[in-house]
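A.B. asks: This is the structure I want to talk about, given as structure tokens.
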Ligand SMILES: NC(=O)C1=CN([C@@H]2O[C@H](COP(=O)(O)OP(=O)(O)OC[C@H]3O[C@@H](n4cnc5c(N)ncnc54)[C@H](O)[C@@H]3O)[C@@H](O)[C@H]2O)C=CC1
Ligand SMILES: NCC(=O)COP(=O)(O)O
């Protein structure tokens, strides 16, 4: 188990109607088996009570989380304006999930929490209340004062780490938004993040192509020649170990995966499909490039199974463990 200082991890429950409250409660239930350090959950206590009958320890100071961790799930209460119905998202629930996220980030920024783990939110619900960021990644970056181009959304599992250059945009927008500058800055955030969070001193980055067969010499698209290639050359000139652009269809099999520490992908599904195919049960989303550690499970709100005791907590447990390990690693190598 990672050894943290006196501060617990702060975990936002996510959308109160999603599976966040259930998987977090199940993590507390299985804290010994999953080898989890003390954490404090943040959100509406009713969202947990509706799906779990274990003990909740309401606290008002995160520093008390460790004292009560053996007897109940430590919870900083942020009640939603309306009652919670698992599987039925609401405007009030979206506001509640955003408040919990904001508080969790604030606690980590002020060192009252060792790291942040975020429960799943529904982007559609957040967009409906005026949330102007593509996702939690960009929101956390802004709250930390980091430009969103300088963070990287990494999905990490035991045998694969992927990063996506463009994040939550329509597929039709990807070619316009892909620039050499953006690929470079995501690449840099990834390489530094591998060093800082995972202790990989000389990280190897494999860059995926956008087009089939890496563009087939320009006849199936010119992004590899005009956009991706120059970004790889710039990163290589800085001394980083970067290869590509690699045809994406042959980048994720076992032998190929052994050649790199992370794959830099051009769009969301290029990065997330291989990761979830291999490691859905234990995939972790980690934001690289922040002054704090932020992780999340790779899955979403799963409203279709919320409140039915079907949610698998292993990805949340992996996110908690990774947050603790990265925080400890960063503290040791300050
Ligand atoms: N980090 C985050 O906050 C994320 C949020 N989302 C949000 O979640 C919402 C739903 O997205 P979907 O694409 O449907 O993905 P999803 O991950 O919520 O669900 C996809 C399928 O996997 C199942 N599933 C997901 N997690 C599970 C678990 N722990 N145990 C058992 N089954 C599980 C669901 O029941 C569903 O059938 C969207 O609004 C999206 O914005 C999606 C991914 C990550
Ligand atoms: N598909 C990954 C995802 O939706 C996570 O996004 P974020 O809210 O962590 O930015």
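Glycine is treated like the rest: Cβ placed from N, Cα and C.
All TrEMBL annotations are machine predictions without curation.
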A.B. asks: Of 143, 294, which does TrEMBL put in the substrate site with 137, 276, 285?
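C.D. replies: The one candidate that TrEMBL places in that substrate site: 294.
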A.B. asks: Can you match one of 253, 268, 279 to the divalent metal cation site that TrEMBL gives for 168, 213?
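C.D. replies: Of 253, 268, 279, 268 joins 168, 213 in the divalent metal cation site that TrEMBL records.
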A.B. asks: By Cβ count within 10 Å, point out the most packed of the binding-site residues listed: 276, 294.
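C.D. replies: When each Cβ's neighbours within 10 Å are tallied, 294 tops the list.
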A.B. asks: Counting across all protein chains present, how many other Cβ atoms fall within 10 Å of the Cβ of residue 285 (substrate binding site)?
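C.D. replies: For residue 285 (substrate binding site), the 10 Å Cβ neighbour count is 25.
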A.B. asks: Within 10 angstroms of the C-beta of residue 268 (divalent metal cation binding site), what count of other C-beta atoms is obtained when all protein chains are considered?
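C.D. replies: If we count other Cβ atoms within 10 Å of residue 268 (divalent metal cation binding site), we arrive at 20.
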A.B. asks: Quick check for you: of the binding-site residues 137, 276, 285, 294, which have their Cα within 10 Å of the Cα of residue 268 (divalent metal cation binding site)?
C.D. replies: none
A.B. asks: So for residue 213 (divalent metal cation binding site), how many other CB atoms are inside 10 Å of its CB?
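C.D. replies: So the number of other Cβ atoms within 10 Å of residue 213 (divalent metal cation binding site) is 15.
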A.B. asks: On the Cα atoms of 137, 276, 285, 294, which are listed as binding substrate, what is the maximum pairwise distance in Å?
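C.D. replies: Those residues reach a largest Cα separation of 19 Å.
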A.B. asks: Please give me the CB contact count at 10 A for residue 137 (substrate binding site), counting all chains in the structure.
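C.D. replies: Other Cβ atoms found within 10 Å: 26.
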